[in-house]
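Quick look at what Swiss-Prot annotates:
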TOPO_DOM  1-27  topological domain 'Cytoplasmic'
TRANSMEM  28-48  transmembrane segment
TOPO_DOM  49-58  topological domain 'Extracellular'
TRANSMEM  59-79  transmembrane segment
TOPO_DOM  80-113  topological domain 'Cytoplasmic'
TRANSMEM  114-134  transmembrane segment
TOPO_DOM  135-152  topological domain 'Extracellular'
TRANSMEM  153-173  transmembrane segment
TOPO_DOM  174-194  topological domain 'Cytoplasmic'
Amino acid sequence: MAAGQPRPPPPPSSVRTERVLRAACAAMAAAGALLLGFSAETKTVIFVQKKAVPKDVQALWVLIVAAAAAAAYHAAQLARCLCMDRLAGGGGGCRRLRRAVACATFLLDKGCAYMVLATTVAALQACFVGLLGVEALQWSKLCNIYTRFCEQAAAGMVCSLVAAAGMAVLSAFSARDLFRRRRPCSPCVQVQQV
């Protein structure tokens, strides 16, 4: 900055909160994807080596992809927030463009939150079979054999659930921003009754 130019005012607390929440959501979703993606354990059972990997449970694989996509989306949105504030200087700009960006952000935030929550719940449901077994189908409890894999998968799913909760809060921030930018209604014309 030049010596004579005033500093731009700091962003409002809601903008700072949104930035922190976006960074936290990106970090938690990335942590969940990494924990699940790198979880693997090999055990030898009766002279046969068997490796447990996330691809064995398709719901885990889908969760890894969804969490990684959500982390990338929130990192990109965080970069957009920082760039838009720097370029616009906190105000001005095209109102129509800002409304369109707010609408797209709202829809994408909602979709991202739903996607991560749905895939996490599906992975939890699939993993409960491995945790508890199904006696009617004679499926044994796999977490007794692959304990480290199950613990790492559980930690990844907890990270994904926390990220999904944060994304739900972020979609509320997006909704507030969208409706704050909407066009005001034209003044109501009062009709006089005769």
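Start at 1 and count along the chain as shown; that gives each residue its number.
Each Cβ is built from the backbone N, Cα and C atoms, and glycine gets one as well.
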Overall pLDDT for the topological domain 'Extracellular' (135-152), taken as the rounded mean:
78
If I count Cβ-Cβ pairs under 8 A between the transmembrane segment (114-134) and each of 28-48, 59-79, 153-173, which range comes out on top?
59-79
Do any residues, 6 or more residues outside the transmembrane segment (153-173), come within under 8 Å Cβ-to-Cβ of it, and if so which ones?
14, 17-18, 21-22, 24-25, 28-29, 31-36, 39, 54, 60, 63, 67, 70-71, 74, 106, 109-110, 112-113, 116-117, 119-120, 123-124, 127
